[in-house]
Every structure is written in C-alpha cells, then in structure tokens.
C-alpha cells in the first residue's frame, strides 16, 4: 500500500465545456446556433430551437432555454493552447506532485473529442501538450530523478487491446495495492516528447475508426493513454518517491442510428458504445445520489475509471458539444450528464513510497552493476595499472574502450613472461632443427621432443590466460550494456536541455504567467458583475410598494416560465429514460429468446440426465466471462454419452 500525504481532502470532479464550430453538413442542413457561452461567468445557455411549422399562436412565446454553470467554458474560437493552459495543465501539475489524475473527453459522435485530445501535428491537443508540460517540468527539476512509463489501451466491443503490441483479449484484474489494472498490458519507458509521439502515432494507427454520416473518421472504441510518473526527491537526506498516474481518455461518442446511418458492424459497434456510455451515465447518477452500490463492474470502461469517479484521483471532464440546432437533443443530454458529474466528490491523495515503485529498484540495480563493473575494472586495472588507461577503458555510457584488455596486473606480467619464454623456446627449437639437419647426432630426438612439449605447454598457458581475459572482457561489456540499458529507461535531462527546447519552455512558462494574470482579471470581472447584481437587488428593495408589486409580478412570470421549463425538462428526461428502458427491454427480450432457443436445442439433442450431469460439474467465471468444468474420474450419468 502506498502512503498518502494527509488524509486526502474532498475534491469535486472538474467539468469544462467546449463547443466546436459549425461543419459543412450542418451548414447545408440550415442549422441554427443554439449554444451561448459566458466565459467570465462560466455559463452555457442552451436555446431550444423553434420547431418548423410553428404558427402565429406560438410566435409570442420565446424559445425555452436552459442555463448550465461549469468550471470553465470555451467557445468555438478557443485554441488548443488556451484550453490546456487554463484547464488541463492543473491536472498535469497534480500528477507531477504525485496525485493520480484523469482527463477524459465526453460527448456525442462528431463533437470534436478526438480533435481536443489528440489534435494534429501542427495543432497538438491535450495529450501531446500534457507530455510537453511533463518534460518541461522534469528538465527544471535539477536534483530529482524521474522514471516515466507509458501504455496505450483500447476498449473495442468490450474487448481490451494493447495498441502498442497488438495483444487482444486482455483481462481486468483487481489488487489491494494496485486497484483495478489490466493484466499483461505493456509499459514503455519514455525519455522525451518525440518518444511519446511515436507511441501515440503507433497506437492511433491501430485504433478502430470508420466513416459514418456524422463523422468521416468516427472512433469506434474508447482509448486510454496511461502514464506512470515516478519521481525521486531527497528531502533532509531521505529519499522520497512519489508516483503519479495520468489517464488521458478519448471516449467514443454516443450515437443515434437514424443520424449516423450505421448498419452491420457499425451498428453493433454503436450498440456496445452506447451501452458502456449508458453505464457511465448510471455510475455518475448513482454517485451523485450517494447510492451504496455503484455499478462500476457493469462495463470495462467504468471499471477502469473507478478511481477517477469517486476515488483517489483528480479528474477533469472535457465536454465536447455541437453548436447546431439539429443536435439539440444530444447536446441537452450531454450537458445534463456533465452537470451531474461536477457534483461527484473524489478523494485524491499523494502517492508516497508505494511498494510497486520501480525507480528505486532500478537505481539500486544500476548501482549494484556499477559496483560489479568497478570490481572487474579494478582487478584488471586496464592491464597496466595506469589510471589514465583505466579511465579510457570505460566511458560510463556502456562502451568499453581499447584500453581494457581484461588482464589483471599479475596475469599480464605472467603472460608477458610466458610469451618471452615461448619466443626463446621457438628460437631454440628452430636452432635445434637446423643443427639436426646438419648433423643428426648434434641434438638428440629426445631433446627436440622435450623442447616441442615445452613449447606446447607455454602456448596452452598463454591461451588459457587469453581465455580468462576474454571472459572478463565479455562480462564487463555485458554489465556495461546492462547499466546503459537501465539508465536509458530513466529520463536523461541532458537530452532535455538543448537550446531550442529551453527557449520553447521559457515561452511556455511566460504564457502560463499570462494565463494566471488572465484568470485573475476574469475573477475580478466576475466579482464586479456579482457586485453589480447585488447593487440592483438593493435598488429593488428601495423601490416603492407599487414597484415592488410590479417586480413581484415579473418574478412570478419568471417563476412560471422556469416551472414550465422544469416540466419540459422533466418530460424530456422521462422520454430519454423511456427510450433507454425500451432499448434494455429489447436487449433483454432478445437474450431471453436466444436462451430459450438454446434450451430447446439442448432439450432436443441432450437427454435430461446428461444435462443434469453437465450442470453439476459446470461453474461460471464472472471475471473471464467463461464456463469451467470440474474434472471427475467417472460420471455414471455420462456413461455412453457421445
């Protein structure tokens, strides 16, 4: 279990809303704008469009409207950088301090979620900008060490796929320490933005996308890019490790078949997407209601977001909506969900010294390897005892220099002595051979054989010394390579400290300072507006009784309008719930028919006694969604079956 800093204060899910510009299809349909935003007051006003064919009887009544208030709102002319600096950066900074953080995009298909989260190469979205911020921070934290690991997973038709390895049918597991996690999901150490960009590009190429009437590149799956950031800091001589987990989630959009024109596989995908989003909506509702049972396990998406919704995480919901009147129902539904979500209370805490942190283990492993290498180098002493050659033997970056021979000082002296003796023996043998050619009696055959035997022994001794030195060389190279491989997993700040990057980082910091000033100006402006509203209220209190009566009458009319709006909203909610119930009833009826059909087939072809035997050894595995059968040595009831 990781230690938490303090008890962890309550922190509501933050919600920001972004509206995209009109697209060509909406312009061709003659759609009107129904979204009005006040960036200062953080309000979204949704205007109900006047229905076509409405006569003069309704012309006196203004279209109804609904006002929502969120943590931040962004009109269609807002930029990616503006959205990131003002809303998303706070989540990233929390992760850098050791909190879990989640940023997820929510909205109907074609509303701009993927554009906001991913963006384009020349206009990066929240995910690339998040990593830019992470490595800016790492470059500035001079005395801290960092280990950053990334993974990319897709939920397609309720199947988990690793987008970086292609592995499918991954399983969800739950652990008292880790919480909910994906078994066998690959984690990739990353050292800079370019490395992460490659992973994102590789993962996006594997994502399921398809064209619909609403979106030419509609995401047919949910994707989660997860980053684990381990940070080691020395405080008062003690090493402190904090681990932040960042989930960047791009949800597939909710769909209506009559608008998307989905058929075949697209329709099946849409059904799975809508089911998981309905479960997400149900989880949000239950959390707001304070229900004891939260149906996280009803879908893989909600199980993975379990900590993000009501748990140990700072969470930002990025709501994407369309401005067009043709999407009024979907926009209203999206804004309602978002309005509920902002009431969810999380309990984020700093994750200190978790047991599964890898940075200390990796650092200790590197230290151990360096000690082993130093021992080998000290023993070998570069073959000469020279400090200069010893330093040249290993460059500290996994490369062994030419100065490292692999011999110890004693071995080198011994080999040199053996080589001198061998040289003398060879010369003596040549001399003996020449003497025997001139006179066979000058040198006996025994003397020559003894000399040849001595030469062989010397050669074997030299070869044995060379073999040991070679083994020592190979061992040193292997250890040096392991050191470099493990060091490469840690973020190398030298790579992040190039001149161009430092300039860009300085610009981003200046930009952030301007954002802080802008936020302060917006806060003061909001206070002035509220003060003006209070002044007007005081003026109302000082009016004459007649004016007060008129004011009361106006308020009464306003309350009547609000009551009408609430009734209409209630009617819409009931209609939406009725549609959802109808979908669930249809699905349930189909499942019942399928079960009855299977039962009928079984009853026709499998005798009842065999059915009972099969049922007695069968058990259902909820986690793996599969039947398991107990093996028994004998089953009398099954005798002769098949």
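Backbone N, Cα and C atoms are what each Cβ position is placed from, and that goes for glycine too.
Residues or ranges marked as ATP binding site by Swiss-Prot: 107, 108, 109, 110, 111, 112, 113, 114. When secondary structure is read from DSSP and collapsed to three states, residue 110 (ATP binding site) falls in the coil class.
In the shown protein chains, 26 other C-beta atoms lie within 10 A of the C-beta of residue 110 (ATP binding site). Residues annotated as ADP binding site in Swiss-Prot: 110, 112, 113, 114.
A sphere of 10 angstroms centred on the C-beta of residue 114 (ATP binding site) encloses 24 other C-beta atoms. According to Swiss-Prot, the Mg(2+) binding site annotation covers 114, on the basis of similarity to another entry.
If you look up Swiss-Prot, you'll see 415-475 marked as coiled coil.
Marked as domain 'Kinesin motor' by Swiss-Prot on the basis of sequence analysis: 12-344.
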All-chain count of other Cβ atoms within 10 Å of residue 108 (ATP binding site): 25
Same-chain residues at least 6 apart in sequence whose Cβ lies under 8 Å from residue 111 (ATP binding site): 20, 253, 320, 321, 322, 334
Neighbour count (Cβ, 10 Å) for residue 113 (ATP binding site): 26
Residue, out of the binding-site residues 107, 112, whose Cβ gathers the largest set of other Cβ atoms within 10 Å: 107
Residue 109 (ATP binding site), number of other Cβ atoms within 10 Å: 24
